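> The following block contains the structure, expressed as structure tokens.
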Amino acid sequence: MAAPDGRVVSRPQRLGQGSGQGPKGSGACLHPLDSLEQKETQEQTSGQLVMLRKAQEFFQTCDAEGKGFIARKDMQRLHKELPLSLEELEDVFDALDADGNGYLTPQEFTTGFSHFFFSQNNPSQEDAGEQVAQRHEEKVYLSRGDEDLGDMGEDEEAQFRMLMDRLGAQKVLEDESDVKQLWLQLKKEEPHLLSNFEDFLTRIISQLQEAHEEKNELECALKRKIAAYDEEIQHLYEEMEQQIKSEKEQFLLKDTERFQARSQELEQKLLCKEQELEQLTQKQKRLEGQCTALHHDKHETKAENTKLKLTNQELARELERTSWELQDAQQQLESLQQEACKLHQEKEMEVYRVTESLQREKAGLLKQLDFLRERNKHLRDERDICFQKNKAAKANTAASRASWKKRSGSVIGKYVDSRGILRSQSEEEEEVFGIPRRSSLGLSGYPLTEEEPGTGEPGPGGPYPRPLRRIISVEEDPLPQLLDGGFEQPLSKCSEEEEVSDQGVQGQIPEAPPLKLTPTSPRGQPVGKEALCKEESSPSAPDRLFKIVFVGNSAVGKTSFLRRFCEDRFSPGMAATVGIDYRVKTLNVDNSQVALQLWDTAGQERYRCITQQFFRKADGVIVMYDLTDKQSFLSVRRWLSSVEEAVGDRVPVLLLGNKLDNEKEREVPRGLGEQLATENNLIFYECSAYSGHNTKESLLHLARFLKEQEDTVREDTIQVGHPAKKKSCCG
């Protein structure tokens, strides 16, 4: 039955039960309502507790600083917690601040917030009261209905049965208790609706009867369909059995054939397996024999292992002893290396001191050389005066030649001879120290002819060819000879007391014999190993002389390159060059004899200042790097900077990449060298001192370039004007 609030309330017992069960049913209905009221009370109490906790949480949110009270601005922090605007939150704060002091304590906030919340929820509480009242009325109504059902009479039961029989409801309704209960309730409470209810039952029962008839018809049709389906299925089963039987016979036939073929195949396999078994048996016997032999070998190996372990222990002890000895030897070797290093340093210092002393001695000798040149000039003047006096005496003393007496005195020939000796000695000094004499050496490196004083014409001495020699190499040459050497015939030993005959003087004066430039005494051993290059050109003096300086890092192959170029041979294991060394090589360049003075410089850092001094007088520079050493190529720019600082860009530079024969270990590609040469306007070649590849070609290219450059300079000089002839130092 529907309750006044729209809810459907189920009855506690079904219709048709005894009337004595009515009080139990009403009690069952009252008990849940009482429990519902208690539950609502508990829910209300728990809601109040939840609100108190929520109010405390809101207070803590507002009082983030822990002051113990909240102000009006702190109330705005609840904007994210509650669906209220800032103005509404301020209104709530004003409502909670009853005393108007501008802040709220925890007690005021909790009490006021709870009161505010419950005041907002009063309408819902009133609705809950109305629901409780409705539930009470429903409870009373249900209890009364149960009492009325208990007082139903037998006549009403008979009338209900007659109605059901008239309608034929027994065939349709299985349980009439619910309909009976509704009919009795309508008859007692609202009898005017009873006829409508009976009409409703009549229509319902007639519809149910029609539905029952349709159901029976459908069941009959379904049974007929099932029978036809069963017959068809039976027919299909029979056909399938026939097919299965035929297929089974065919399968058995094929299976028999397969079985026979399989049997034959298995028999053959069995024979093969038996043969394999025999082979395996034989192999097993053979393996057993090998296993037995291996066991014997194992025992022997164990014995050998035992011996080897003992031997290994002995060797380990010997190794340990050897290692101790090796450590001692290494310590001794380190001490020897340290001593060798000290000796090397001392040797270098000694070499430096000797070199410095040589420089000082060189300066002293240069001063002596200047003095001797002045003396030579004075002697030439005296010789001219003697010539004039002799001519006058010849005219005055022609009558008294027979009575000419012999006298002793100085003869100009003595001075001339001594001057030749002095000149020879000065030239020897220049050979030792590698100092070119600008007044007596030509472009080719050979001395010019002797000139008469003041005229610039060649003297009677003629040319004095002398091959160029290289400077001292401190590493290769012993130095004590320099300290022991000296002049064999100093100026003070020139004799002036020789007597000559009358006729001898007359013969000497008009003829003016040539000056003797060869020293009267043999020379001492020159300092250093002065190796000469093979002269490939004609014995005549070269037309040009160019000074070329080799630079580059140590061990790039400069000395080996020079030896290959000059001597056409390669000497492995050469030591590094110390100081400066040079060689001379004459080439035929375009039908012209060109002498190349090749200066080999040391690549070590400590000789850098010495190397830079030779750039100033160089006609060309060759910068060499190692193709197998990238660091030597990286140092090329530094060498080019040194050359540019010393001579600028007026000197042509040849960039050589050595060790082309060692192509497998190449670290510098050819493209990098070509790029560097293009950027700095250099001549670029890759060569090999070991095989001689591009050694002559590269220097021939540089010599031709220097010759063309000098020809260009000469042509420009001729166009400007002929320069005045240089006077000799003695003129």
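Just so it is clear, glycine is given a Cβ too, placed from its N, Cα and C backbone atoms.
Okay, these came from Swiss-Prot:
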type: BINDING; residues: D97, D99, N101, Y103, E108; note: Ca(2+) binding site
type: BINDING; residues: S554, V556, G557, K558, T559, S560, S571, P572, T577, G603, N658, K659, D661, A689; note: GTP binding site
type: BINDING; residues: T559, T577, D600; note: Mg(2+) binding site
type: COILED; residues: 201-382; note: coiled coil
type: LIPID; residues: C729; note: S-geranylgeranyl cysteine
type: REGION; residues: 1-45; note: region 'Disordered'
type: REGION; residues: 349-540; note: region 'Proline-rich domain (PRD) which mediates interaction with VAV1'
type: REGION; residues: 426-466; note: region 'Disordered'
type: REGION; residues: 494-528; note: region 'Disordered'
type: REGION; residues: 572-580; note: region 'Switch-I'
type: REGION; residues: 603-619; note: region 'Switch-II'
> Please name which of the binding-site residues listed here, D99, N101, E108, D600, is nearest in space to T559 (GTP binding site), Cα against Cα.
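Closest by Cα: D600.
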> Residue counts in helix (H, G, I), strand (E, B) and coil for the region 'Switch-I' (572-580), per DSSP?
0 helix, 2 strand, 7 coil
> How big is the gap, in Å, between the Cα of Y103 (Ca(2+) binding site) and that of D661 (GTP binding site), rounded to a whole number?
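Checking the Cα atoms of Y103 (Ca(2+) binding site) and D661 (GTP binding site) gives a distance of 100 Å.
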> If I take the alpha carbons of D97 (Ca(2+) binding site) and D661 (GTP binding site), what is the distance between them in whole Å?
105
> Measuring Cα to Cα, how far is G557 (GTP binding site) from E108 (Ca(2+) binding site) in Å?
103
> By a simple count of other Cβ atoms within 10 Å, which of D97, D99, E108, D600, D661, the binding-site residues in the record, is least packed?
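D99, out of the binding-site residues D97, D99, E108, D600, D661, has the fewest neighbouring Cβ atoms within 10 Å.
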> So of all those binding-site residues, S554, D600, N658, D661, which one's Cα sits nearest to N101 (Ca(2+) binding site)?
S554
> Go through S554, T559, S571, T577, N658, the listed binding-site residues, and name the one with the sparsest Cβ surroundings, counting other Cβ atoms within 10 Å.
S571
> Pick out which of the binding-site residues N101, Y103, G557 has the most other Cβ atoms within 10 Å of its own Cβ.
G557
> Out of D99, E108, D600, which of these binding-site residues is nearest S554 (GTP binding site) by C-alpha distance?
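Among D99, E108, D600, D600.
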> How would DSSP class D600 (Mg(2+) binding site) in three states?
strand
> If I take the alpha carbons of D600 (Mg(2+) binding site) and D661 (GTP binding site), what is the distance between them in whole Å?
22
